[in-house]
């Protein structure tokens, strides 16, 4: 009896479970090795599924289950520290043009949905932390503390602290991985995220955002009175990945206490969310991407190759697209009917990096820009965020098209029925209700500069609050 091609998936989160569902569609054998004891732990996190990730989930029979447990976003209300606010219809515009709503739900619930669709649950092994990978001529071996697993391809879906990425570096020729790549990730921001329940004044379908100096707060509502929130703060300096800061529960608590008076809406303060908080965590926000995604029979996807901030909401969606490209490449290589040699494996993995690296670079740049714009990092961004951004009304929805447009699809499953034909981005902008011609934008820029120079009433410079926040990190 001939040996079947097997994929060893390191990590049983979004990317790992999505890949398992794809491999089941392709009738390709796999094993998932998840270091945690629970495949869907409650860590206080939420997840945003965007229209570039939704079609793949739709093809896998997952999105209907997601849609049943969300409150679709319809519009956003963005507030500034001087009390000014404006509303944007960007969530409704995006849903109308792509056929899928922006969907927020508990990360735990999303993982439960993915896991419920797995047919061969006996192939999912929890409590199995990979500690070493051996690459042989025609196969690979993954060793955990007490077991070993053999296969023909290792996929690192194991997050930012990826053991698979470390093993790719270890197995590479001397000098192949540069010092620049090893230090590609850096940390300038941190995030306190949490889930609250029963917060009065938070309306279904409305995103609340506060763009303050050095602090950004985003709030999304879910089913059954759940409220998901993120507090993104700029920390005291830039850290490298190898020297990134660690945060305690007390750090997070003190930061949230210091923000209680911040108004998110006319009748909702951050203190209202904090008083009803069920669970919260704090984490540094790594930013950046790696150039080397694979070597031999090892490959990385998702957070193992790029890190984005929550501001752009693309971490999970980019991972889902990675999986779609990898699964399509395996489908075209017809690995189910034979064992591919090293050259054929390299061809498959090269398709992934060639397709996804350009999108990664673009999205990382957009994430970095948006994070700093929303935090008012520097006088020019403060001016743009306060005066230019509101004047554009719904036009920023069109800029989202650059990330969402051209989302990957599975070639071996029927096309998603509800996905709509993509529109030209410029035509989309013209159709928006809040369209502002380019010359007017220039006038607004000049007006903003004059207003700032004449009155000095733009956002305050670092205050006692800002100093307090930074002192905790």
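The backbone N, Cα and C atoms fix where each Cβ goes, and this holds for glycine too.
Sequence-remote contacts of a segment are chain residues at least 6 beyond its ends whose Cβ falls under 8 Å from one of its Cβ atoms, and for the signal peptide (1-22) they are 28-36, 39, 47, 56-57, 60, 62, 110-111, 114-115, 117-118, 123-124, 126, 130, 140, 142, 149-159, 162-164, 301-303, 316, 319-320, 322-324, 326-327, 330, 335-336, 338-340, 410. What Swiss-Prot records for 1-22 is signal peptide.
The FAD binding site annotation in Swiss-Prot covers 34, 48, 107, 303, 316 and is backed by similarity to another entry. Within the same chain, residues at least six positions away from residue 34 (FAD binding site) with a Cβ under 8 Å of its Cβ are 11, 12, 13, 16, 124, 125, 126, 127, 128.
If you look up Swiss-Prot, you'll see 441-461 marked as transmembrane segment.
Residue 107 (FAD binding site) carries a helical DSSP state (H, G or I). Among the residues 34, 48, 107, 303, 316 said to bind FAD, no two Cα atoms are farther apart than 22 Å. Taking the Cβ of residue 107 (FAD binding site) as centre and 10 Å as the limit, one finds 22 other Cβ atoms among all the protein chains shown.
Around residue 303 (FAD binding site), the C-beta neighbours below 8 angstroms that are at least 6 residues distant in the chain are 15, 159, 160, 162, 315, 319. In the three-state DSSP scheme, residue 303 (FAD binding site) falls into the helix class.
Counting Cβ atoms from all protein chains shown, residue 48 (FAD binding site) has 23 others lying within 10 Å of its own Cβ.
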